[in-house]
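To start, the structure itself, in structure tokens.
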């Protein structure tokens, strides 16, 4: 069958001249494009017409595009069912995640309501469920506990006067959220949605896993029924665990038993939901069922002295202005909160947009979340993003558009306005247990460590570095550490790329790494060197070192040795009174007046340009004249993977090429990008030594050119040492004159 496969393969044959970049430009007209200036871009951006206005309106209000195609008959029922199911989950998660933000549970319902109202009009994702997210809640909670600690006086902020501790905490949380929204809105207006690309999947995975550890530790005090003050800052997780273990003997057994039982039940039901999701019309809302059952089935507060949700805020209060002093105190934390909130929401939205075949706009998502958080913060809600578990419920239960999200927000409104009293007897340990159960998806990410270690060790370092940094230093500093580690891995990959020596697969125009194939052919005297990364200031020296390592000699050292040898030969010959040739030995072997140094500061070969011959350095030399042997006559540099060159690299590349050219190694550069070629021309890269004829469009063109040149390599003038092991013996040189002259002269020197 393998033979049949070979015979069935299509063949292609191309007959064309061997092209260099110069000859290609001669045979085929090239279009020289005029790049737009900044003024041109500004003029185009400021030009306004009806079509542009229409596109801008649709871009700023994505609801226009999907509402026009909304199918009431096919989609409305699914959206309603999805909205009710998601609303139940959003209510319970809002209550539970507000504990992470160190706020009263009722404010979690605000976060499930207000941000959704604006995202409905401005968001481009049709499936994500906007509301609280545990990681953001915890990051906001760290600021809240720092500025308004449970024990001790609050921070010296003017706006805290005449406010209770609860009101102070709500003011801090809403102000941080407002500032977070400003950051997101500003990034959206400035069109920097691309910033999310710096948060790789590996980094986000390590970061959310660390957040899950923080969340787990923060909920232990509710599950165990302990009074542990909120601690923020580096090593806060260590201090919190110390406090918990110091009080472990005071554990409320009722809280602990109830939490364990609820976690087991919820975990089992969630697993069943996942297993039978194809058969279930909607997932079983187990959190809501348990919450209502525990609230009304038992009277735990009076019987076992456990903490409950308590008085729920009924209705909505008037808007409040953010506190500017809180802005100043929390700006460092608000920015990473804004980045993490957007990154999580965008990554979840991208998954479902691909699944359902529609596009999302990163910059518009930033604007949508920025406005949503600013609007929500004005009504006392805290940081909003999305939660994967809640979004999965919204999508899997039939949600097609954000009408499902609007209905889920309406359910949160109903509970806030009329049904809040139903949740007042709910123990906080139950909310803590629900939070912990929802961490399963983030905690199982630990399984990625062995997978990454086997397949991509730098990525594994990013995961572990981000996770450890976020666990020990806190989520805000941990994110900075993760970004630093990630950028270091990028620098490592580009600064130390895996360079290779290519060789030809016989009978083809294909060139592969010589280490990867058994039957592969290297051309004698030719090296093909490939660098698979941009060449810039940080890796130009690495590139030059690798090049020297590949060819097996340092061209600058060889050049200096040759010049020294020429001076030595010339000095010996000058001692002889015999006139070796009519032109004289100085002209035969070069001068010794120090002309080996050029004005550019580089070593240059001794000046032999006026002579009709040259020394063959590949021949055998006298014993006391030691010059490193260079068997290489051609060096081909494959630039197919070089995406850019900066000025520093350009200077270093030029110096490296000249070093090889000056030791009689012909250098060729192949598959160079047009932008790089234009930059080389604009930066005056070419001179009398480095010529445009050195550049070839393909590797095979350059190789054929080298093979053609090697056929004629013996032509021309050559001076080679033929006999003699010591200058004390007779030294015979053969001078080959131009091919037109058939006579051959021999000369003998006795030194």
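In case you wondered, yes, glycine gets a Cβ from its N, Cα and C as well.
Annotation comment: TrEMBL describes 516-706 as domain 'STAS'. On the 0 to 100 pLDDT scale, the domain 'STAS' (516-706) averages 79 in the predicted structure.
The annotation region 'Disordered' is assigned in TrEMBL to 584-604.
The transmembrane segment annotation in TrEMBL covers 75-101 (among others).
Per TrEMBL, the feature transmembrane segment maps to 107-123 (among others).
As annotated by TrEMBL, transmembrane segment applies to 130-148 (among others). Within the chain, the transmembrane segment (130-148) has long-range Cβ neighbours (under 8 A, six or more residues past its boundaries) at 90, 93-94, 97-98, 100-103, 108, 111-112, 115-116, 119, 123, 154-155, 157, 160, 165, 168-169, 172-173, 176-177, 207-208, 211-212, 214-215, 218, 229-233, 236, 326, 329-330, 333-334, 336-337, 340-341, 344-345, 372, 382-387, 390, 405, 435, 438-439, 474-476.
If one looks beyond the transmembrane segment (168-187) by at least 6 residues along the same chain, the residues whose Cβ comes under 8 Å of a Cβ in the stretch are 101-104, 107, 140, 143-144, 147-148, 154, 159-160, 193, 195, 320, 322-323, 326-327, 330-331, 333-335, 337-338, 341-342, 366-367, 369-378, 380-384. Per TrEMBL, the feature transmembrane segment maps to 168-187 (among others).
The transmembrane segment annotation in TrEMBL covers 253-269 (among others).
The feature transmembrane segment is assigned by TrEMBL to 334-354 (among others).
Look at TrEMBL and you will find 366-383 (among others) tagged as transmembrane segment. For the transmembrane segment (366-383), the residues of the chain that approach it from at least six positions outside its boundaries are 60, 98, 101, 103, 107, 110-111, 113-119, 122-124, 130, 132-133, 136-137, 139-140, 170, 173-178, 180-189, 192-193, 316-317, 319-322, 337, 341-342, 345, judged by C-beta separation under 8 angstroms.
Sequence-remote contacts of a segment are chain residues at least 6 beyond its ends whose Cβ falls under 8 Å from one of its Cβ atoms, and for the transmembrane segment (403-423) they are 70, 75-76, 78-80, 82-84, 86-88, 90-91, 94-95, 105-106, 109-110, 112-113, 116-117, 119-120, 128-130, 291-292, 295-296, 309, 312-316, 394. Under the heading transmembrane segment, TrEMBL lists 403-423 (among others).
Per TrEMBL, the feature transmembrane segment maps to 461-488 (among others). Taking Cβ pairs closer than 8 Å, the transmembrane segment (461-488) reaches residues 135, 138-139, 142, 198-200, 202-203, 205-207, 209-211, 213-214, 232-238, 332-333, 336-337, 339-340, 448-449, 452 in its own chain, all 6 or more past its ends.
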